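Engineer: One structure coming up, written as structure tokens, with questions to follow.
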Amino acid sequence: MAEKSFNLYRYSIPVDSQLILRDRFLKRREGLIVRVSCSRDGWGEIAPLPGFSEETLDQAQEQAIEWLTTWCNASCDAPRVPLDGTYPSVAFGISCAMDEMKGYLQAEGNYHTAPLCYGDPDELYAKLASMEGEKVAKMKVGIYEANRDGLIADMFLEAIPDLQLRLDANRHWSLEKALQFAAKVKLQHRKRIQFLEEPCKTQALSREFAVQTDIAIAWDESVREPNFCLEKEPHLSAVVIKPTLIGSIQRCTELINQAHSLGLKAVISSSIESSLGLSQLARIAQQYTPNVTPGLDTLDLMEYQVLRAWPSSDLPIVDLESEFITKII
């Protein structure tokens, strides 16, 4: 009979000094690395996102140790220990480790990313020229003036005729501001906006924005609200799934299947995980949303990769002996 074991590590990686989350600078990305073993190993990342996750890293660590200890004290063929009631980041990281250990998480990943739009359109065009499949990029809006955001989005769409844009407003706009944005985007360009995530402060205002502008919208923050119910709506084209903020792989696949049954696109997206977590998100995307470009273009915000390399990245990789990683158990 195989013996169970687990380890837990804590990492702290320097990030881009310009990274702002919810109006505050994030100087380091911190999280937990979990290893589980029962005949074979599985790894996962537990990394609550400051300002977005309901749980702190310390709370996640305490809960992860409790869950892993319970799991470890049972035999390998014992019924699965449920993840119900655990924090989203804990449920996601542990489910990744368990599915990897059991061989449920396929090895192949979708490493095509939607690059972030900023700077010179020619530089973005060079990135997109080498991409296979749909040429899609992402642009954050709502931080600067709505008029400015609209002009820049329209500039990219004008400069790159086959570009599809995904926009993310994080509920920053009033309806008036959102309409100011749309006014700067030419009518013929609006259909190449795949979706605008949560343009307004409420779902009702976002729906009204979509009706008035004919710009498709997507739910992101709404998915994580209590009693959220995904329904088919006239201008809703996608649901954005951030597993670190939502929960286990099983919970995420339920949402994916629900979206697909309604004819909606499901997009796996990053919560600024390390390369370990990002590579597992790429595998989840390939396994469950194989024809959709995931939103995972966040690794360059970091100064290092953790344990596993992201294909094509030349960032240095740190291992368990690194000064950036501390063993807890």
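Cβ atoms here come from the backbone N, Cα and C positions, even for glycine.
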Engineer: Taking Asp168, Asp214 as the options, which does Swiss-Prot list with Glu197, Asp220 at the Mg(2+) site?
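Structural biologist: The record-listed residue among the candidates is Asp168.
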Engineer: Starting from the Cβ of Lys242 (active site, proton acceptor), draw a 10 Å sphere and report how many other Cβ atoms land inside it.
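Structural biologist: So the Cβ neighbour count for Lys242 (active site, proton acceptor) comes to 25.
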Engineer: Hey, how far is Lys242 (active site, proton acceptor) from Asp220 (Mg(2+) binding site), Cα to Cα, in Å?
Structural biologist: 8
Engineer: Calculate the distance in Å between the alpha carbons (Cα) of Asp220 (Mg(2+) binding site) and Lys140 (active site, proton donor), and round it to a whole number.
Structural biologist: 13
Engineer: In Å, rounded, how far does the Cα of Asp168 (Mg(2+) binding site) sit from the Cα of Lys140 (active site, proton donor)?
Structural biologist: 5
Engineer: Quick one: which residues besides Asp168, Glu197, Asp220 have a Cβ within 8 Å of the Mg(2+) site's Cβ centroid, in sequence order?
Structural biologist: Arg166, Leu167, Ala169, Asn170, Phe195, Leu196, Glu198, Ala218, Glu221, Val240
Engineer: Please report the Cα separation of Glu197 (Mg(2+) binding site) and Lys140 (active site, proton donor) in Å, rounded to an integer.
Structural biologist: 10
